[in-house]
Amino acid sequence: MFLQSSFMGILLVIIVTFFVGTCDGQLAFRFYAQTCPNAESIVLSVVQDAIARDPTVAAALLRLHFHDCFVEGCDGSILIDNGLTSEKRASTHQGLRGFEEIEKAKAELESVCPGVVSCADIVALAARDAVALANGPGYQVLTGRRDGRVSNIELAAAMPDVNDSIQLLKAKFLEKGLTEKDLVLLSAAHTIGTTACFFMNKRLYNFFPNVEGVSSDPSVNPTFLPGLEARCPKDGDVNVRLAMDSGSEQLFDINILQNIRNGFAVLASDARLNDDETTKSVIDSYLSFPSPFSVQTFEVDFADSIVKMGRIGVKTGFQGEIRRVCSSFN
């Protein structure tokens, strides 16, 4: 049913070196080399154990990093649990997981390096490790972030939403210093993981409100629509989950872009990437001449974009704090 090139099954793990020097302001590669030399290996061990028990944790940790960075910057604000007003309670964050893994890594780090490694850095490192363990690209992470002291549900309005127009998606990314190419590449993180029927209702049953006889998003491939409706029936269980990259949900690969181009995108926001001339041209640039080199280029570019995202609104130096527990301010 899906158009796939012969290279789609190739597993590539690319160690990407970015020519940006050894630091970025007060962020640096191996920031904890002297103060907590085993910091990165401790986080990796926790992530490895979690994914061995439940492979879907990889997508959860990657998503957690994205959701953290888009509200108040990459400062661990998404981890705070301060009641109904906490950022994590926003509808755009519904279904977020991975909090337990971050807390476990933090507890282990506190036992050997108390007050040294920030929760924000743990989130960024865990996402990096999750991508690599899902057969995605390896990349270096700049560290040295400090944890923010703000977590407010009202600030989550800046989050991209699955029902946003392509114009609004581009505007939200631009506001964070990210380009249309970054929008495509970071959306391609949906190559792993699942979404809930909660996020599908409008696309399947209310895409054109008040228009009789037309309810679903016309960009859905007609052969794909019945399967989506069967998994997420109208007035059905909104917590049922379905793969965002049909046929490849546990493998980090380029298949997500092929699905988007062919009308097999699950999320409406992914489908919108094929509606816009600029974002469509980015997708086409990886698929027009399929080869193993296209896969490598996609993975290198994805790594570049996620590292770029990881610099959004970072707090360093004397800003913020180093939390003792990731879910609460000191």
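Note that Cβ sites are derived from N, Cα and C of the backbone, with glycine treated the same way.
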Review point. C119 pairs with which of C232, C326 in a disulfide, per TrEMBL?
Key: C326
Point to revise | Disulphide pairing with C113 per TrEMBL - partner from C36, C69, C197 | key: C36
**Study point:** C36 (disulfide bond), number of other Cβ atoms within 10 Å
**Key:** 17
Review point. Cβ within 8 Å of the Ca(2+) 2 site's Cβ centroid: which residues qualify beyond T191, D245, D253?
Key: A188, H190, I192, S248, E249, L251, F252, I254, N255, I256
Check your understanding: With every protein chain in view, how many other Cβ atoms are within 10 Å of the Cβ of R63 (site 'Transition state stabilizer')?
Key -> 22
Point to revise | Sorted by sequence, non-D68, V71, G73, D75, S77, E87 residues with Cβ within 8 Å of centre, Ca(2+) 1 | key: C69, F70, E72, C74, G76, I78, G148, V150, S151, L155, G313
Review point. Over the domain 'Plant heme peroxidase family profile' (26-330), what does the predicted model average in pLDDT?
Key: 94
Review point. Within the chain of C113 (disulfide bond), which residues six or more apart in sequence place their C-beta under 8 angstroms from its C-beta?
Key: Y32, T35, C36, A39
